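A.B. asks: Look at TrEMBL and you will find B:20-40, B:47-68, B:74-95, B:107-130, B:169-187, B:216-239, B:245-266, B:273-296, B:302-320 tagged as transmembrane segment.
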Amino acid sequence: MSILEVQNLTKKFGGITANQDVSMTVEKNSITAVIGPNGAGKTTFFNMITGVYQPTTGMILLENEKLIGLKPHEVSKKGIARTFQNIRLFSEMSVLENVLVGMHTHIKAGLVGILFNLPAIRKEEKASEVKAYQLLEYVGLAPLLNEKACNLSYGAQRRLEIARALAAKPKVLLLDEPAAGMNPKETNELTQLIKRIRHEYNLTVILIEHDMKLVMEISEHIVVLDHGEKIAEGKPEDIRNNPKVIEAYLGTGAVQAG
Amino acid sequence: MLNEILQTIPQVVIDGLTLGAVYAVIALGYTMVYGILELINFAHGEIFMSGAFIGTAILIVLTGMGWVSAVPAIVMLITVLVLTAVLTGLLGMGIERVAYRPLRNAPRLIPLITAIGISFLLQDIVRFIAELQKGNYIVTGPNLFKDQISIKASSISAIFNDASIKTSFVIVLVTAVIMMIGLDIFVNRTKWGMAMRAVAQDRETASLMTVNVNKVISITFFIGSALGGATGVLFAVQYGTIDPYIGFILGLKAFTAAVLGGIGNIRGAMLGGLLLGLLEMFASANLTLLSGGVFGAEYKDVFAFAILIIVLLFKPEGLLGKPVTEKV
């Protein structure tokens, strides 16, 4: 069963076409990778799914519901969460607070209740802190909960971004180059973490990644973009041997030579 | 000389804290909006002024209905404070919606000029209404608190003089402190306060975390303006006479306080306000003495601003501000 449908998505910035006619279907509970050389339009593609950019033409459906025209906070409320290529934590806030911001939409407290500090609100505050703590435990950051986000190590910041995204209880999780800048050991831990959250949170994962070892190991479906267009899609073993993909990565002539 | 200065300390501290608390609460409005939009909302001083007029108007109406003599003064004050806070809060929210939001992505100078325009507009609207209703734009409200309290500081130590204060000073101070504590709890402990800080740091990321950025900005304007308007009421109660131009110089000083504490930093605004109030009162009491009669008490502002300049020379980010680092 498909959860996310992308149909003929095109995005133009003035005269530059960042995405041209990209379509894809994402199966529920699957892991899909979007790969391609630098500048292929992968992040633009993510930005359209999350509502940061409105596509010039095309359609995006989450569980058959249109996402076009929605603001980013509305899209994220529908169940799409993401992490960023260059980490974008709330660096002056604590680790715990970062996760609590992720829970924003699930904390019911209205302004009137806050004003009078009703007992029910306090109880809810406690409950959300407990939930946030559990998420931090899950990604292995619980001991650092009161640390400022900017003081975390690089790998820890990446895991905090994942915890913050999970806090919104998404249906679809978008990971933008989660392994960028990680050493092989950290990448390996990340691979395990992504596999685990997919099962335990019943998630659909879409990731942009350059680390081919990670991509091949983790994904069930791969979409390849080049110059804004989809040039191939399929199972990892098909993509590995696809001449068009090899050409996009290594240049013309590489196929014959290899 | 030192003895003479020491003698005035109790009075200076009491007056300074009261004035400083007023600065501090208004400074909060500047700093909150700056933190979230990087906009210096020059209309904020006029929100304070509007609060003073709205509060006085409500008081005059209630006096006409015979309430003021029937109800304890403190109950009256709380009623007027809450009503005015809600009204000025809505006013601030409305100004953001109509005047600033359409310019959200414009170059930064444009909303700044708009803010100055709004402040002239508010001054003239208030003056117009006041002259229409009272025939004069300088308005005197009913006096709620007439009592004087004397503090026997001399009984603590012989070097101090006794201090005397109007009851209204105590009320101003207590109310302002309650508002500051309330805001601090709101910003640090609640969902919307957390969302506010998140939006201040990175608007786009916050919106991707389900935070409705426009709503957060509206709430910020509501709270800042409600606090500013309530402070206007306190000002009117304390000084009795108000005119449509009180917001200008007070707003400027509150803005100074916000810069002194580190603009964008909420606790910094509180600290900056209290400090500026204390400095000003200290100067007003002792300048003649310190300068051997060359400068009189009227130079108190010069003294306070000279201190500000010195602080900013050595710590340009303000007392509690963070040095600006380039966003990557």
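Using the three backbone atoms N, Cα and C, a Cβ is placed for every residue, glycine included.
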A.B. asks: Tell me if the transmembrane segment (B:20-40) touches the transmembrane segment (B:273-296). I count contact as 3 or more CB pairs below 8 A, with pairs 6 or more residues apart.
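C.D. replies: Yes, these stretches are in contact.
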A.B. asks: Counting CB pairs under 8 Å, which listed stretch among B:20-40, B:74-95, B:169-187, B:216-239, B:245-266 touches the transmembrane segment (B:47-68) the most?
C.D. replies: B:216-239
A.B. asks: How about the transmembrane segment (B:107-130) with the transmembrane segment (B:245-266) - do they touch, taking at least 3 C-beta pairs under 8 Å (6 or more apart in sequence) as contact?
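C.D. replies: Result for the transmembrane segment (B:107-130) with the transmembrane segment (B:245-266) is yes.
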A.B. asks: Which residues, given as numbers and ranges, are at least 6 beyond the ends of the transmembrane segment (B:169-187) yet have a Cβ under 8 Å from it?
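C.D. replies: Same-chain contacts beyond the flanks: 14-15, 17-18, 21-22, 24-25, 28, 74, 77, 81, 145, 149, 193, 196-197, 223, 227, 230-231, 234-235, 237-238, 266-267, 270.
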